[in-house]
Amino acid sequence: MQASDKAIINEIKALTDLIRHHNFCYFQKNAAEISDYAYDQLVERLVQLEKTYPHFKEPNSPTETIGEKPSYRSPLVHHPLPMLSLAKTYSEAEIVQFVARVKKIAPDLSISFVCEPKIDGVALCIRYESGKLVAIVTRGDGTAGDDITQRALQCMQLPTVIEDAPLASFEVRGEAFMSKASFKAFNDKRKKEGKPLWANPRNITAGTLNALDIDLVEGRQLAFYGYSLYTPKPFLATHQEALAWLAKWGFSTLPIYKVCKDVSAIMTYIHYWAEHKNELPVGIDGIVIKVNEFDQQQLLGATAKAPRWAIAYKYQPETAHSTLENITFQVGRSGVVTPVAHFKPVVLAGTYVSRASLYNAEELARRAFHVGDTILIEKGGDIIPKIVGINLAHRKAAQQPILFPQSCPACATPLYRAAGEAIYYCPNKQRCLPQLKGLLLHFVQRRAMAIDAIGPKTIDALWEAKLVQTAADLYKLRYEDVIQLAGFQALSARKLLANIQSSKARPFDRVLFALGIKHVGDTLAKTLALHFACMERLQQAPLSELLAIPTIGATIAQHIVAYFQDPDQQALLADLQSAGLQFSLQQQAIAELPLSAKKIVISGTFHYFTREALMYCIEQAGATLVTSISAKVDYVIAGQKAGPAKLAKAKALAIPILGEQDFMNLIRYESLSCI
Ligand SMILES: NC(=O)c1ccc[n+]([C@@H]2O[C@H](COP(=O)([O-])OP(=O)(O)OC[C@H]3O[C@@H](n4cnc5c(N)ncnc54)[C@H](O)[C@@H]3O)[C@@H](O)[C@H]2O)c1
Ligand SMILES: [Zn+2]
C-alpha cells in the first residue's frame, strides 16, 4: 500500500467516525456540536472520497444510512414504505443539473415541479386505518421508528378522525416543529425560571417527542405540517393534489408552495424565500423541489437514501464579518474558565450579536486569535453565534495571539487543568469572587431555593456591604441590614426577608441541588434525596454506597464524598441546618411517591433498564418487589421473553401487565431520574 493510500484510508475513517459522532449528538442527544452547514460539508467531502475511492469505503457508511437507530424505548414500528432522506445541495448549479436529469429520464413528458419550504423539525408518519388515527411513528433509521402516539398527541393538534377518507388506510408524512413564537415564549419563560435555554426549535421538538416523561411535555406546543400522503393504491395523480387533500382534512400545510414549470421559476422561488424566510412563523432551512406527477416520480425511483424525484436546496447559514475587539475570560461558579470573544456588533438572523463563547483553551490555541482580526460569525437557527473563520489576509503585522491566562483573571490563583480534560479551573474555591457569587446565584435561583427577590445586582450589593459571603449568611440578614442597601425601601426590604424565610420550606432535594455540588443537577439531587432520605446519612455515605446507585459513576461519587469531607462545606451545612432548612425528606413526600405501597413482579429482559436498574427504580418509586404472582400483586412489568406461566397467571387474576414504557410513564421516570 502506498503512503498516499494510507492517508486516504485514514481520512475516510476519520470522517466516517466524525460524522457518526455528529449524527449521535444531533439525532440522539438533540444537541448538535456543529452547524448543519459544517456537518453537510463533512458529508460532502466523504461522498466525494467514497466516489473516487469506492474500495476504501467503510462498511455501513453514514453516507448511506438514514437518521439514527430508533430508541428502543417504545415498540418498534416498521414503515411499509421506507421514510427516506432528501438529496441536498447548497449550489444553484446542482438544481439546474437536477432539473436536466429529471427531464432526461422522461424526455417526452412535460414535467412540473412543486417547490415548498423545507421545515427544520422532525419527520413523523401518521397512520390512519378506516379514517381513524392509529399510530404516530418517528422516522428512526428509515425502515422502522418509534411509536410516539401518546406523546405526540399530547403536544400537537392533529385530525384524529377523517370523516370523508376515500381510502381505508393511508399515511400522512410531515414535519413536527415548534413555531418561532412558541419557541421564544418557551425560552423566555425558562430564562425567568433560571433554567438552561434550548438552542433552537428543532432541538426542543426532537427533545419533546423523545421525552420519557409525558408530564415534561405538557405545556410545550408543537405543530405539524403535512407534506406528503402515502396510499397503498394509487389514488391521486399529483403531489399538488395530495397537499390539497391534506389541507381539506384539517392538516396544516404551508400554503406558500408553488408549482413551477422550469428552472427559472424554481430559482425565482428560491431567491424570494431567501429574502423573506425570516418573515415566516416557522424556521425553514431550504426549499424542497419535487416532481409533481406521481407516475413520473415512480419512473425516477429512489436510491437507498433518497428519492431521485426530489432535491432540497439548502440556504447557507447567515454570516457576517466583524472585528475582534477582545477576548475575556469568565470564571463560572465551579471555577471553570471560559474564553468569550467580543466583537463589533453585527446583525445576524434579525438580532444584534457582539459576543461568542469559545468553549475552551484548546479551541483558543488552535485558532490563535489576534485583537483586530477580521472574523466571520455564523448564526443559523441557533441562538448562540459561533466564530467560523478568520481572514488572515487582513491581519495586521506585529500583533501577538491572545493566550489563555496562566492564572485566574479574578483572583490571580494559578489555574489548574485535570489530566485529559480541555478545561482550566481556578482552584481557589474559598476566595475567588465570581465563584462565590456564582454559587450564591445558583443557590437563590428558581429551581433551587427560589429566592426570587435576589438577583445578580442584589448579590453584588450584599457582597459589597460585607453582609453575605455564603448562602448561610442570607438567613442571618436583618431588616436594618437590607434597608441600608441602595435601591431598597421598607416594602422591598420586607419582601426580600419574607422571600428568604419562605425558602426554608423548600424540600430536601432542592436544598441538595442548591448547594452547587459539582455534577449534582436537580435530577441527581432528587435521586440522592430519595435514596438517603436525610443529609446526615448522605454526609456519612461511603463511596461504595454512592457507587451502588446506578446513575452515579466513579467521578461523581468521588466529588460527592470530597464535598462532604471538606471542612468549609461542613461548616456551611451546619449553619444552613441551624437556619432551619429542610435536611430530610418530608413524610408527605414519601407518601406521594408514585408507587407507594404497591407490590410489583418483574419478568423477562428489558431494552432500556438493566434488571438491577429496574429493581432500583421500583424501590425508589416506593414499591416493593415480589417474586411470585398472587392476588396481592398490583402490577407485573413484562419484558422480552417474560415467563408465559407468570403472564397467564397475572391475566387470570386481572393484574395489569405493564411494558417498560408504561412503567416509566407510571413512575414519571424523568422526575425520579433512576438510571
Ligand atoms: N449539525 C449536526 O451535527 C448534524 C448532524 C446530523 C444531521 N444534521 C442535519 O440533518 C440533515 C440530515 O438529516 P436528514 O436525513 O433528516 O435530511 P434533511 O433533514 O436534510 O432532509 C430530509 C428531511 O427533510 C424534512 N422535510 C422538511 N420539509 C420537507 C418537505 N417539504 N418535504 C419533504 N421533506 C421535508 C423531512 O423530515 C425529511 O426527512 C443534515 O443535512 C443536517 O442538516 C446535522
Ligand atoms: Zn479565581
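From the backbone N, Cα and C atoms, a Cβ is placed for every residue, glycine too.
Now, the feature entries from TrEMBL:
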- Asp36, Tyr37, Ala38, Tyr39, Asp40, Ser85, Leu86, Glu116, Arg139, Glu175, Lys290, Lys314: NAD(+) binding site (BINDING)
- Lys118: active site, N6-AMP-lysine intermediate (ACT_SITE)
- Cys408, Cys411, Cys426, Cys432: Zn(2+) binding site (BINDING)
- 590-675: domain 'BRCT' (DOMAIN)
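Comparing the Cα of Cys411 (Zn(2+) binding site) with the Cα of every entry in Ala38, Asp40, Leu86, Arg139, Lys290, these being the binding-site residues, the smallest distance points to Ala38. Checking the recorded positions Asp36, Ala38, Lys118, Cys411 against ligand 2, the ones whose Cβ sits under 6 Å from it are Cys411.
Within 10 Å of its Cβ, the residue among the binding-site residues Cys408, Cys411, Cys426, Cys432 with the fewest other Cβ atoms is Cys411. Listed in sequence order, the residues Val331, Gly335, Ser407, Pro409, Ala410, Ala412, Thr413, Pro427, Asn428, Arg431, Leu433, Pro434, Gln435 complete the 8 Å Cβ shell around the Zn(2+) site centroid, once Cys408, Cys411, Cys426, Cys432 themselves are left out.
Under the DSSP three-state reduction, Cys411 (Zn(2+) binding site) is assigned to coil, being neither helix nor strand. Checking each of the recorded positions Ala38, Leu86, Lys118, Arg139, Lys290 against Cys432 (Zn(2+) binding site) by C-alpha distance, the shortest gap belongs to Ala38. Ala38 (NAD(+) binding site) falls within a helical segment according to DSSP. Across all of the domain 'BRCT' (590-675), the predicted model scores a mean pLDDT of 78. Rounded to the nearest whole angstrom, the C-alpha distance between Ala38 (NAD(+) binding site) and the residue listed as 'active site, N6-AMP-lysine intermediate' is 18. Most other Cβ atoms within 10 A: among the binding-site residues Asp36, Asp40, that distinction falls to Asp36. In the vicinity of ligand 1, defined as a Cβ distance under 6 Å, the following of the binding-site residues Asp36, Leu86, Lys290 are placed: Asp36, Leu86. Residues Asp36, Tyr37, Ala38, Tyr39, Asp40, Ser85, Leu86, Glu116, Arg139, Glu175, Lys290, Lys314 are listed as the NAD(+) binders, and the farthest two of them sit 25 Å apart at their Cα atoms. Counting every protein chain shown, the Cβ of Ala38 (NAD(+) binding site) has 16 other Cβ atoms within 10 Å.
Cα of Cys408 (Zn(2+) binding site) to Cα of Lys290 (NAD(+) binding site): a span of 57 Å. Taking the C-alpha positions, the distance from Lys290 (NAD(+) binding site) to Lys118 (active site, N6-AMP-lysine intermediate) comes to 11 Å.
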